[in-house]
Amino acid sequence: MTRTGLVARVLIDSPLPQLDHLFDYSIPAELAADAVAGVRVKVPFRSSGRVADGYLIEVIDAAAPDTGGSDADFHGKLSPIEAVVSSVPVLTPEVWKLARRIADRSAGNASDVIRLACPPRQVRVEKAWLAAQAPAAEANPGPANPEPAGPSDVPSRPADARFSEYGAGVLEEAIAESRRLAVAAVPSLVALPAGPSIGHWAQTLAELAVATLETGRTAILVLPDYRDQDQVQAALDLLAPAGSVSRVDARQPNPDRYRAFLACLGAAPRIILGNRSAVYAPAADLGLIALWDDGDPLHSEPLSPYAHSRDAALVRQEQSGCALVLLGHSRSVEAQRLVELGWLAEVHPATGRHPHVIPTEFQAADDQYARAARIPSAAWHTARQALKQGPVLVQVASPGYAPMLACQGCQKAARCTRCQGPLGLASVGATPSCRLCGALAADWTCVHCTGRIFRIATIGAGRTAEELGRAFPGVRIIIADGDHPIQHLGAEPALVIATRGAEPIPAGGYRAVLLLDGQRMLARESLRVGEDALRWWSNAAALAAPGAAVMLAEVGGALARAMSTWQPEGFAASELADRRQLRFPPAVRAASVTGAAADVDAALAELAEIPGVDVLGPVGTEPPLVRAIVRFAYSSGDDVAGALKAQVVRNAARRRRPKGAAFRAAPTLKVRFDDPELL
DNA sequence: AGCACGCCGACT
DNA sequence: GTCGGCGTGCTC
């Protein structure tokens, strides 16, 4: 049949994979004015009065030939759109393209990505925003933004001081010419005038953003956690024009989040600061995406389709042609791969100054308390000297007091009788309790040997603090971990015991840094231990004052060398070489396929023809389920994702098996791409 | 999630 | 020939 008038192509907001494509609707005359690409709509679904929420993706002329690029033409009778929810086009064409691509490359749903990109609507906030837009647009035909960005009289670091550590014009040029860079951060602190110290890296990010804004474009800064965001925010408060910064952060309440999101929709260029979902923020004219510490696991999204913000940034960079910066003290193996491909160019600070890291193989301290606290002799002496001048950082592996107990008799780990979780102590002399379910184990008995006496198997920050208190009598002890977050510190002497990633930032830097528990951090069974440890250590070392010693205990070999020469790239390069040999990510990509044996086999059969694919398994997991791991070359990614997505759709459509009880719980076929913990 | 459609067995 | 049960697949 021939169609006339305009056709709305709509993405239904549903997690069902079989609905993950565009549906065509007609546009009633009374909605035509508001029915523009990007608005939220309500559409009838399956004729019987049910309505679904969706996004209007594009409006096309029905008479014109299909533009292609989407699904096969639909030639039935179109239903009309039921309503336009609001006139705000929340899903910009650029973000739609990004969401579609991110979903496609991981066999996921576009609407799952859009959920990260477009926060839930808040009617009051939206009305206020629309009201603020309208009069401004009438009075002033310029950009409808109440606080226009641009040069201002904000006190800022002199332009010639900007990026001075990186040599003449390298970073300015990168912004102006939209380059892609892996930038090594300057490993030191900067003192803000009338404020706390922040990492030098945070100032570099802020300067990159301001330089982008000065070229009239938007910058997106992606940071793993809120403490990192706070540091960049503090730098931007000094450097960026008032009102030019939007912070988009999942921690803030929904109304605030939506307000910040709407600000990003404005026509004026901005600086957008946020966590991993900030890569999906709408941007008027995108000039830069910058990520801090892309190896941090908080960059990977825990919800389907589990996209890593580095990958999303790479895709968006490719689509928009903006500049891309990965900034860090260490180098992720993924970034190293991109460098070796020539996709990212390396930039190092011109000064080459770095913390003075001293690896100390374990050598028991002469002091008995220092020995009890696992501090090597040299480190103990260093710390004692440094404590005369200011704060000293002790980085440890575990929070709590004694996170793990074991039987004195048979040495087996002590476990909860209810849930088999590990038992630990919350403080000195506390009753042992389960760390998973919290149950108290008042009269614990070992299930293996019926012994009734336990000993401390792993030592937490609390216990370390106690022991260090004895080793350094009279010194103030400060504990910083997940339960006791401390952001900033003064310059007074104190022994600061912190778990990795929770280190407070002292004014002027630590006078010494002790990296303890090296062996424990490396004992974890994961492909990424070395890389992670290097990240934790170098981030802590970068908090040292100029010239302060950083003592790395219990660690030798390539890791110690990478730290003492401050060349994490070398370590990343050798890791990558190993992964190539093993055919492990990120040398190749990988996906897991989980489901009923027959379904997994059917899915794997689809992959047989694709070059560069090999399959591990399937092996049984929980009884009805099996799991296979598919490894494939980056160049086969689209084919693998396409084939698996087709299989997921088929499986979802055919889910309801015969009602005859036995078959009832037919498991869904699950596919997960690029799981960092997979191999 | 609900509804239409089609294949197959049993009946007029 | 045709009615209807139930399994399968689609929803513009």
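Sequential numbering from 1, following the chain as shown.
A Cβ is built for glycine as well, from the same backbone N, Cα and C atoms used for every other residue.
Positions annotated as Zn(2+) 1 binding site by TrEMBL: A:C407, A:C410, A:C446, A:C449. Same-chain residues at least 6 positions away in sequence with a Cβ under 8 Å from that of A:C407 (Zn(2+) 1 binding site) are, in sequence order, A:A413, A:A414, A:C446, A:H448, A:C449, A:G451, A:I453, A:F454, A:R455. A:C407 (Zn(2+) 1 binding site) falls within a strand when secondary structure is assigned with DSSP.
The Cβ of A:C416 (Zn(2+) 2 binding site) has 20 other Cβ atoms within 10 Å, all protein chains considered. Residues or ranges marked as Zn(2+) 2 binding site in TrEMBL: A:C416, A:C419, A:C434, A:C437.
The domain 'Primosomal protein N' 3' DNA-binding' annotation in TrEMBL covers A:9-119.
The annotation region 'Disordered' is assigned in TrEMBL to A:135-158.
Its own atom aside, the Cβ of A:C419 (Zn(2+) 2 binding site) has 11 Cβ atoms within 10 angstroms in the protein chains shown. Cα spacing between A:C434 (Zn(2+) 2 binding site) and A:C410 (Zn(2+) 1 binding site): 20 Å, rounded to the nearest whole number. If you count neighbouring Cβ atoms within 10 Å for each of the binding-site residues A:C410, A:C434, A:C449, the highest count belongs to A:C434.
Sitting within 8 Å of the Cβ centre of A:C416, A:C419, A:C434, A:C437, and not among those site residues for Zn(2+) 2, are the Cβ atoms of A:R415, A:T417, A:R418, A:Q420, A:G421, A:R435, A:L436, A:G438, A:A439. When the Cα atoms are compared, A:C416 (Zn(2+) 2 binding site) and A:C410 (Zn(2+) 1 binding site) turn out to be 17 Å apart. The record gives A:C407, A:C410, A:C446, A:C449 for Zn(2+) 1. Within 8 Å of the mean position of their Cβ atoms, the other Cβ atoms in that chain belong to A:Q408, A:G409, A:Q411, A:K412, A:V447, A:H448, A:T450, A:G451. Taking all protein chains in view, 11 other C-beta atoms sit within 10 angstroms of the C-beta of A:C437 (Zn(2+) 2 binding site). In the three-state DSSP classification, A:C419 (Zn(2+) 2 binding site) falls within coil.
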